[in-house]
Every structure is written in structure tokens, then in C-alpha cells.
Amino acid sequence: MQVLVALAALSSLAAPVVGFSIPRGVPVSQSMIDVKLSSAGNSMVKATITNNGDRALNLLKFHTIMDSNPTRKVSIESQDGKEVQFTGMMPRYKNTDLKPTYFMSLPPKGTVEHSFDIAATHDLSRGGQFTLKAEGMVPIAEENSTNITGAAQYHSNELHMTIDGDQAASVKSAIGVAKRDGPFTRIDKRTKIDMQSCGNRQELQALTAALSASAKLSSMSAQAVGQNQQKYMEYFKDPKYAKTVQSRFQAVAKESSSTNNGGTTYFCSDVMGGCEEGVLAYTLPSRNQVYNCPIYYSELPPLTKECHAQDQATTTLHELTHNPAVQEPFCEDNGYGYERATALSAEKAVQNADSYALFANAVYVGC
């Protein structure tokens, strides 16, 4: 891994489509909300979300089709059946102390529209015909509440679009040029870190410690895959994927331990401007880059001893699984938090970033 440290002060600006952390035992509705996709221009998509119920709902926007961040809101296939490369961000959100601004209120039988340009987060420069669809789970709270009481699954219609490649290529990328107010210094050896290259010594120390802890947790987890079948089955469901899971943990351990030979670049600050409120860290898988956000340092402990909780070490581990340079295919955000992650099918779990972070936490804490 290559760690780059920005001299600039941290900037704070405002994923695949998945559910957030759902408390154990809460109901999941198959038909509470409806999502319909329609074309709104060359590469513009309009999602119409309808509350089919008879009571108002607060819908958590994180990791859903309503997310304001440039996450993967829809899956896109070209006319030859190949998945279109995603060029947006995969954020990890803080899953506690949810604020009212993280939610969207929807009255009974009410409808809200959310439009987004898929060319801002996908390479559509070839143009042609594309097929889009959206599916996922939206955590829900009662009206005027942020207490998650249930979840609503959704499966949209298939939308077929004919896109002009040149016009799509002219759309500005949602994650663009790094916002650098000063030069970067590459850290070639952790034992020889130039502390003057970082504007905040404490943050650099925290990141370095998190990488070290990520390496240790990943190594422990790789061993646990073969030694603790009960725990493995809790998270990954099928023993036929054990070698894949073990291999990914070993790859993350190697990447976390590397100083200048890894395939990823890890930034201790948000030079790309992707840290909206609630984002702990995020990955740009198309670039194999990871960025920490201010609350990664201010609101996460280095290494928690609480089951299913978030910390700096497992957040770093989580983000590294999103990078194709670590292991391909890279992990998605199929299920967020313990309840959703452990409810996934084996096929989804083995490609879910939080399943690896939560398993590592469970192995370390002894959950």
C-alpha cells in the first residue's frame, strides 16, 4: 500500500444499493415502497419512490437510490451483457447517532422523485444501448423519528436507454480532480515517516496504527476461517467459499502491511471532497484509492471491544476490500451492519465488504 498524506486541511463537503444496519427482529416489507426508473435525458435517470403504506415513513437515504453521494444506485449492463465500470465512490457510513437530515420523509401514498446522471459515476463513453435496474433495502423509521423500526425492500423495473457516448463523456465526473493546496509526500517506510508531510500528526499516527491493526485482524481472520467453522458459517453460510474468504483476508493483510509496493493508495485526508456528513471513509475502486474523513478520527475508537461495532481498524479493513488491486472481484456493499450482513445469501456475503469487517471484529472480540 502507498499512503499519501495531504498538507491541506481536511475538506468536508456534501454504493451499490443496499440496506443499512437493521436491528435484530425488525420487520422487512416486500411492498411498502415502490421504485420506478425512467429516462430523463441522455444519461439522466429519474427514480420515482412511492410510499404504498397508510402511514408516513422516514426513509434512511444512506446506501439507497436516494443517496446524495455518488454511490452505485443502479446496476448497468451494456448491450453485450457486460457490467459497465463504476467510477463513483463506496462510502462507509457511521451507523449510530443517525440525524434527521439523513432521512427523507414520505407521506402515505406519497411520491418523491430523485434524479441522477449515471454518466457521472459510470464510463458510458462507448454509447449504445444499456439496461438499468435498482434493487435494495431501505431502513425505515416512523414519522419524526430516527429510530429504525423496519426495512422495505425494493426491486425496480428494467429501464432500457440509448445513450450518446460523446454526450455522456462530456458529463463531469462526480469524483474529479484532487483538491490539493500543497504537495504530497509519499511514505515509503512507516518507520521513516516524515511527520512534517502531514498537517495533523495525530491523524497520521491513527491511520498508521489502523493499517497495522487491519493487518493483524485480517491475519487472525484468515486463520479463523479454517479453525472456527461455526463463526465462519454465521457470516458466510457455505463452506465452499472458505478458500475465497481466506484468500481475501490474506490479501487485505498483505496490503495493510505493505509500505510502498501495494496496489492501493491510502490518503489520510479527503483531498477529493467526498466526505459528506456521516461518511467515515470511502473508496474509489476505479482508482484503487481510499480516503479517510474527519469523523474517522474524531468519532471512531482505534479498535473496539464491542461486538458488531465500528472502529478505525475494521473501517480500514472494510475499505480495502473495495479495491480490485487487493483482490478481484472487489467487494460491494450488499448488506450493511450485522443483521443485514448475516441475512445475505452465501453468494452475496462472500462479496460484501461489511461481512469481512464484522467477521474480523467477531474474531478479535470473541463474539
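Backbone N, Cα and C atoms are what each Cβ position is placed from, and that goes for glycine too.
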Could you identify, going by Swiss-Prot, the member of Cys198, Cys367 that forms a disulphide bond with Cys307?
Cys367
Cys293 pairs with which of Cys268, Cys275 in a disulfide, per Swiss-Prot?
Cys275
Listed disulfide-bonded residues are Cys268, Cys275, Cys293, Cys307, Cys367; which of them have CA atoms within 10 A of the CA of His322 (Zn(2+) binding site)?
none
What's the CA to CA span in angstrom from Cys275 (disulfide bond) over to Glu319 (active site)?
14
Starting from the Cβ of Cys268 (disulfide bond), draw a 10 Å sphere and report how many other Cβ atoms land inside it.
27
Quick check for the class: what is the C-alpha distance, in angstrom and rounded, between Cys307 (disulfide bond) and His318 (Zn(2+) binding site)?
16
